[in-house]
């Protein structure tokens, strides 16, 4: 009876209440749960980028092959890993693998991507995974250190980064006296001041400070030619100002990436050519770097008989008197002649590199009137006075002749009256 009563109750509640039959659970082994840890882990280190990629990249349980993974536009390969390893590891320098860099107001941003590009295995022509690209980015504060080491993080890869991201453009131009515009005519009177402006166009780079490392004047665009006259030497000493010239760097700068200076014009003795070319070696450093003996702009001030820098500690110019600045302890011209010379640039031509040798010219000298008078030529003023004197003498002579002829004609035409005496 009890058994029949129980079966009757189950029949009434048969709609699936589970009162009589416990619910059954089935485990879906086809779609496992997603992994709890991320499949791509990026470490932005001081000068390195480390990327760890899970072989279960898509979380489906189907493992990717390390050979199908590359980093960056240059397709850098991962480190060698064993078959039992769960991850694939990349370790590259920040400026390698075609990584791009961008400078913002507060950060230096390196960007790249992880590429999964599956290829058929063996003789098969099918793929079981899709192509995928994962963007990767590392941000470094510009005004703080990213590690415990006392090294500026943005400067370690600076040179390579600069060349790969956007090259610098250097220029050297002749300017008007007010520095407001470029000089339209290259002509000068001897003794005039030539206003020169060196500049670098930095684009989106770290703020830079430009220096004129060396300048030389020659009769041709070849700065190794003879004769020559050194204007700037010893890594930024304007040595032309030591003579009777007033050549000097302009302080303060208008901008860190611009450096202006004046040079008293001159010509080479015992040479009939009235023109010169000026070639300068330009270079840059980070604007945050304090100027030193190798990176400076020093002028000699005759009133105090001392060297003064445009910026930085005053003692960085002391080496200008010794003629030995930096480790080499020799003239930049002499050390530069020891290696092949770079290609020359014509006037206003811009170079694209981290340093550049720029030539401006020719500067043509017309000379002064007083100089020509000393050399024995007749000045225009003297010629005019002589001409006026000759004209006056000629005019007086002609007037005398005309008056004489007129008087003679008048005398010939007058009737003669002779006195008659009466005889008685």
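Positions of Cβ are set from backbone N, Cα and C atoms, glycine also.
The shown structure was predicted, so the numbers you read here are calculated from the model rather than taken from an experiment.
The annotation disulfide bond is assigned in Swiss-Prot to 44-138 (among others) on the grounds of similarity to another entry.
If you draw a 10 Å sphere around the CB of residue 97 (disulfide bond), it holds 19 other CB atoms from the protein chains shown. Swiss-Prot lists 76-97 (among others) with the feature disulfide bond, giving similarity to another entry as the kind of evidence.
Residues or ranges marked as disulfide bond in Swiss-Prot (evidence: similarity to another entry): 215-280 (among others). The DSSP secondary structure for residue 215 (disulfide bond) is strand. Shown in sequence order, 230, 231, 232, 278, 279, 280, 281 are the residues of the chain, 6+ apart in sequence, with a C-beta less than 8 angstroms from the C-beta of residue 215 (disulfide bond).
Positions annotated as disulfide bond by Swiss-Prot, on the basis of similarity to another entry: 237-298 (among others). Taking all protein chains in view, 27 other C-beta atoms sit within 10 angstroms of the C-beta of residue 237 (disulfide bond).
Residues annotated as domain 'ZP' in Swiss-Prot, with sequence analysis given as evidence: 43-305.
Packing around residue 52 (N-linked glycosylation site) is summarised by its Cβ count: 17 other Cβ atoms lie within 10 angstroms of its Cβ, all protein chains included. Residues or ranges marked as N-linked glycosylation site by Swiss-Prot on the basis of sequence analysis: 52 (among others).
Residues or ranges marked as N-linked glycosylation site by Swiss-Prot on the basis of similarity to another entry: 123 (among others).
Swiss-Prot lists 145 (among others) with the feature N-linked glycosylation site.
Residues or ranges marked as O-linked glycosylation site by Swiss-Prot: 154 (among others).
Annotation source Swiss-Prot lists O-linked glycosylation site at 160 (among others), citing similarity to another entry.
Per Swiss-Prot, the feature O-linked glycosylation site maps to 161 (among others).
Feature annotation from Swiss-Prot assigns signal peptide to 1-22.
Per Swiss-Prot, topological domain 'Extracellular' is recorded for 23-383, and the stated evidence type is sequence analysis.
Marked as topological domain 'Cytoplasmic' by Swiss-Prot: 405-424.
Feature annotation from Swiss-Prot assigns transmembrane segment to 384-404.
The two recorded residues, residue 76 (disulfide bond) and residue 298 (disulfide bond), show a Cα separation of 46 Å. Within 10 Å of the C-beta of residue 44 (disulfide bond) we count 16 further C-beta atoms, all protein chains included. For residue 138 (disulfide bond), the nearest of the disulfide-bonded residues 97, 237, 298 in terms of C-alpha separation is 97.
Classification of residue 97 (disulfide bond) by DSSP places it in coil, neither helical nor stranded. Residue 52 (N-linked glycosylation site) is 51 Å away from residue 298 (disulfide bond) when you measure Cα to Cα. Geometry remark: residue 52 (N-linked glycosylation site) versus residue 237 (disulfide bond), CA distance 52 Å.
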